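Visitor: Pasting a structure below so you can have a look.
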Amino acid sequence: MDNFRNMALQNTSLLLIVLQICALAWQAWAQVDLRMEDTVEVYMDDSAEIPCLYTFTQAPMMVMVQWFVRERDGVRVRISYSDLTMQKVDENTTYSDRISVRSNSDGETLTIQDVKLSDEREFFCQVSGFSAGSDERRTLLKVFDPPEPPVIEGALSGVSVSGESTAKIASCETRDGYPKPNITWYRDHIPIHPANGLVNVVTLVTRESSGLYTVQSDLHYKVTKEDKDAHFSCEVSYFVPGAVRTSESKGVNITVYYPTSSVEMWKESPQGLVKEGDTVEIHCQGDGNPPAPIIFNREQSDVELDSYEGLLVLKEVSRMDSGVYECHALDLDAVNNDEVLDTLQLTVHYLDPAVVVPKDSEVMLKGESLTATCNALSSLETSTVWFKKGLEVGRGHIMQLQDATFDTAGRYDCEVTVPSLPGLLTSGSVHIIVQGAPQIKDAERDFELMEKVGAWVNLTCEVRGYPRPAITWSITGSQSQSWREVDKKETEDRIHSVVTLKVTTDTVAICNSTNDFGIETKIYNIKSIPFLQTPTARKTSVDNSGVIIVVIIVSILLLAILGSVFYFLYKKGKLLCGRSGKQEITKEKTNKDDIVVEMKAKKTEESVLLKGINGEKKPPNDQHPEIINGVLS
């Protein structure tokens, strides 16, 4: 009996072993393939989706899926559960109101709304198919929040190159980023890397209560003179889902203090060449910062010239101001202060007053030649032009006057200029006097005039000569009291005389001009022409009644005589009918002393032309300028 019991126990144990082996074999064959992403990245405040995909090698009777999250203390907390009969979100967790689970044919997807920084943790998906197999995977949720753009601030005060160590020259800050952003420094867009004694970067990282990071970076830098024009900037690099992005600040320039190593000197004004009388401005500037005081002096002279902030003003310069000028920078930080200087050669150009030879005036005889010169001492090449009465008569320092005439006489002005420097000008003059015998204008012509008796004529005599000639008039034929000189003009070598003459008979008028060198004459031959005069043209003092009586008597006598003549001619048969009987009497030349009167009888067709007889002459104030043409009809 006991043996049978022992056998039975042995068989039972063997069966259990067989069953276990079968179960293990079944479990090894029945498996689940579970797949999850290692990490899921998302922006803060966005929604995150964590997929959990699975497949079974043996169709399960039932599938149960559970979601867990690891808390900060390391404890796992379930947040969701689902099976064939139900799907629910666990209550009283930090995700109860922010998650949802969506099932599909190949798995589930956990969605987290309004992701916070605190959501950056591991999420677990556990799948159980019971006899069909079970498995668990996890995904790390990573949260990102880009920081604000960097803000850079340069050193408020200047930085000296003479410092023995680095100095803080700029600070850069970026705020509210996650994960922690990084700051890199640049000089003219070239990265700056820390270097012992030259570059040091001090970074301060602050974790705000919100969990975001604020990073501040200070750049400590040993500046050199070459950094005076450099621009420093900072760049923030930060992570975003699936990438790394950067944001660069504006550039800042640092005020760098450095000693003066050289100075530059230049002439500001006037532009171009300098002439006497100009105001000259000379500037001098050093390359140090801050600018060192500047002093001026002349070469080989220790006398300091008056200047202001690197400006030397020389007023109304002369040739004595020509020379070499120096400027020095008084910079105590300069390595070789005595050698920090520059020089400028100043040349003041000049033009002395013109010297004319012959000086002032020169007397020469007609026909002679003369050489005149005009020169002016100058530091530059000059040009000379000669003028007479404003008109150019020659160019060059020498003027030749050949075969002098009275027209040669006069004032000659020379003007000396410097073509390369407008504004330099001087002038001089010489007065040329030409001596010679009188020369009467139109003396070579014979002047034949025909004038009416009683007419007044003007005779002109214009003479040139030096010494100035004297003029005398000689009148023959007319009465001496019948002429007088009415105009006389005199210059240095010219005289102009006008006489008026009343013609009474044929007259010869002679203009005689004389000086120390000779005599010349001009002759006028005047032919007198008698003029016509009628009684009615005179002005009488007889009263009107007497005139009327005389006219009536003369008219009656004339009518009687005229009637007798016509009767006589009629009897002789010599009276020509059809003849107009009219004759026009004219003169080619008339003057104010000719008087022609037409007298007509009212009852006859005859006219009598009367003229003055017995050589009767009217005085000038009794003559009439009118001309009346008489007609015989």
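Heads up, the Cβ atoms here are built off N, Cα and C, so glycines get one too.
Taken from TrEMBL, the feature compositional bias 'Basic and acidic residues' covers 612-625. Summarising the annotation, TrEMBL assigns domain 'Ig-like' to 30-141, 149-253, 259-347, 353-431, 438-527. For 612-633, the entry in TrEMBL reads region 'Disordered'. Residues annotated as signal peptide in TrEMBL: 1-30. According to TrEMBL, the transmembrane segment annotation covers 547-570.
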Visitor: Counting by DSSP secondary structure, give me helix, strand and coil numbers for the domain 'Ig-like' (438-527).
Guide: 3 helix, 63 strand, 24 coil
Visitor: If you average the pLDDT over the domain 'Ig-like' (353-431), what number do you get?
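Guide: Per the prediction, mean pLDDT sits at 94 for the domain 'Ig-like' (353-431).
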Visitor: Using DSSP, how many residues in the domain 'Ig-like' (259-347) fall into helix, strand and coil?
Guide: 6 helix, 42 strand, 41 coil
Visitor: Can you break down the domain 'Ig-like' (30-141) into helix, strand and coil residue counts using DSSP?
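Guide: Helix, strand, coil within the domain 'Ig-like' (30-141): 6 helix, 62 strand, 44 coil.
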Visitor: If you run through the domain 'Ig-like' (353-431) with DSSP, how many residues end up as helix, strand and coil?
Guide: 3 helix, 46 strand, 30 coil
